[in-house]
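Features of the protein shown, as given by TrEMBL:
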- 12-284: domain 'Aspartate/glutamate/uridylate kinase' (DOMAIN)
- K15, F16, G17, G18, T228, D229, Y234, R239, K264, V265: ATP binding site (BINDING)
- T52, E126: substrate binding site (BINDING)
- 396-453: domain 'Aspartokinase ACT' (DOMAIN)
Amino acid sequence: MYAVSSPNLPYVVAKFGGTSVADFDAMNNCADIILANTDVRVVVLSASSGVTNLLVALASGCDDNKRESYLKQIRNIQYAIIERLNEADIIREEIDRLLENIATLSETSSLTTSEALTDELVSHGEVMSTLLFVELLRQRNTDAEWFDIRRIMRTNDNFGQAEPDTRHLHTSAIEHLQPRLHNTIVITQGFIGREEKGRTTTLGRGGSDYTAALLGEALGLQRVDIWTDVPGIYTTDPRVAPSAKRITKIAFDEAAEMATFGAKVLHPATLLPAVRCGIPVFVGSSKDPQAGGTLVCDKTENPPRFRALALRRKQTLLTLHSLKMLHARGFLAEVFTLLSRHHISVDLITTSEVSIALTLDTTGSTSTNGSLLTNALLTELSTLCRVEVEEDLALVAIIGNKLSQAKGLGKEIFGALESFNIRMISYGASSHNVCLLVPGKDAESIIQTLHRNLFEI
Ligand code: ADP
Ligand code: ASP
Ligand code: MG
């Protein structure tokens, strides 16, 4: 880790997510935001909404009909933007070249898929949206420069969920990016990077938020603005509980907890760089910038006991039974060594005398390998113990402050949920959360019920 300096450049990095660059009108709203604030000098974009999902589908190998259909959908999304640009011949040629590349790579992946190929294919989404956006800004008489983030975003080769080298990013951003900021607005890609051998990598789904925060840190900027499709961070996903309320100011650790437990509005790693160098992060709606938003910063006055509810779907519970555990040592170590060898990260864990229950973190990667539970892993585990697998579960996290010191917490939470089955509870490791593993089909009702009982009284 490099020594982080405090913010020293008076500029802002603004990140616009997929829906914010979904089409020409949405892109125009982003341009309005940028032009309204002369401090915005670095702009990080996601791929236009839908494009990454289509590219991931192409990368996972599909039949010719599907392949043609996905390619056509991607072309239509990008062409709909080109058609609204004036003098679009040059940009059309560039986009056509990239579309051809996508077609060729997807042909290869219909024969053999690989994580490196997936990342290469998927990166085209961000490359296309940034090229189109630069053109749109130029047509609005704004001097903007397209910058390939892979020049500075060096990562390891963990394709699908690569980890950036922050030290390298710092020196290369200062060398290659900083000098440009005084004269122009730099438009660059979120989510993508490059490993040592020059192959493209990605930082995990939703990773553009992380890119923006990393650039804010590396360049010592004043603020990271995350423009999305909601005017801020809410007490829970407003799509799940429409009565959710906006949180106008929230501390880094509370927001990080929300992101970790599934609040998609921020990628889970986004706040790491922000905390390291103390840059505030603002979250607002690109469609309605006047609506204000949420400021994530160092501290807030009187943080409430219950701050938010987060939901993570598609959870898998593994229960491992073994009599070897009884009064023995080393069983847990054996299990964790094995899981680590299979690159599995464990999320929640509870133990009893002869069994362990654990959930696996399945979020984030663009990996085409849908399930983390490979046959090889299950076979190896079954040599140690009897294994039970339950799928279609969801993780509900109640996020708050000083929860471990609160009295009557159990009654408040579980009283509200008496009509639901709760499969596993994790509480006590952090004073910031209580986590419940519940059947996936009940997850939304549980969020709504908890929201009514903990936030609306
Ligand atoms: P973008 O494409 O801009 O990165 P995302 O779809 O990744 O946008 O994130 C925005 C979405 O996050 C919202 O539309 C909302 O449904 C969801 N979301 C989940 N939890 C929250 C929350 N606590 N507050 C606001 N939005 C949330
Ligand atoms: N385009 C990528 C995704 O859809 C990254 C991002 O949007 O942040 O996951
Ligand atoms: Mg996102």
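Sequential numbering from 1, following the chain as shown.
Placement of Cβ uses the backbone N, Cα and C atoms for every residue, glycine included.
By the criterion of other Cβ atoms within 10 Å of the residue's own Cβ, the least surrounded of the binding-site residues K15, K264 is K264. Residue pair K264 (ATP binding site) / T52 (substrate binding site) shows a Cα separation of 16 Å.
Here T228 (ATP binding site) comes close to F16, G17, T19, S20, V265, V283, G284, S285, S286: these same-chain residues lie at least six apart in sequence, with C-beta atoms under 8 angstroms from its C-beta.
Its Cβ taken as reference, Y234 (ATP binding site) is surrounded by 25 other Cβ atoms within 10 Å in the chains shown. Taken in sequence order, the binding-site residues K15, T52, T228, Y234, K264 that lie near ligand 2, meaning a CB under 6 Å from one of its atoms, are T52. Only G17, in sequence order, out of the binding-site residues G17, T52, E126 have a CB under 6 Å from ligand 1. Take K15, F16, G17, G18, T228, D229, Y234, R239, K264, V265, the residues named in the record as contacts for ATP: the widest Cα to Cα gap among them comes to 22 Å. The Cβ of T52 (substrate binding site) has 24 neighbouring Cβ atoms from other residues within 10 Å, across all protein chains displayed. For the pair T52 (substrate binding site) and K15 (ATP binding site), the C-alpha distance works out to 17 angstrom. Sorting the binding-site residues G17, E126 by the number of other Cβ atoms within 10 Å puts E126 first. Sorting each residue of the domain 'Aspartokinase ACT' (396-453) by its DSSP state yields 25 helix, 16 strand, 17 coil. Taking a Cβ distance under 6 Å to any atom of ligand 3 as the criterion, the binding-site residues K15, G17, E126, Y234 reduce to G17. The two recorded residues K15 (ATP binding site) and E126 (substrate binding site) have their Cα atoms spaced 12 Å from each other. Geometry remark: Y234 (ATP binding site) versus E126 (substrate binding site), CA distance 27 Å. On the 0 to 100 pLDDT scale, the domain 'Aspartate/glutamate/uridylate kinase' (12-284) averages 96 in the predicted structure.
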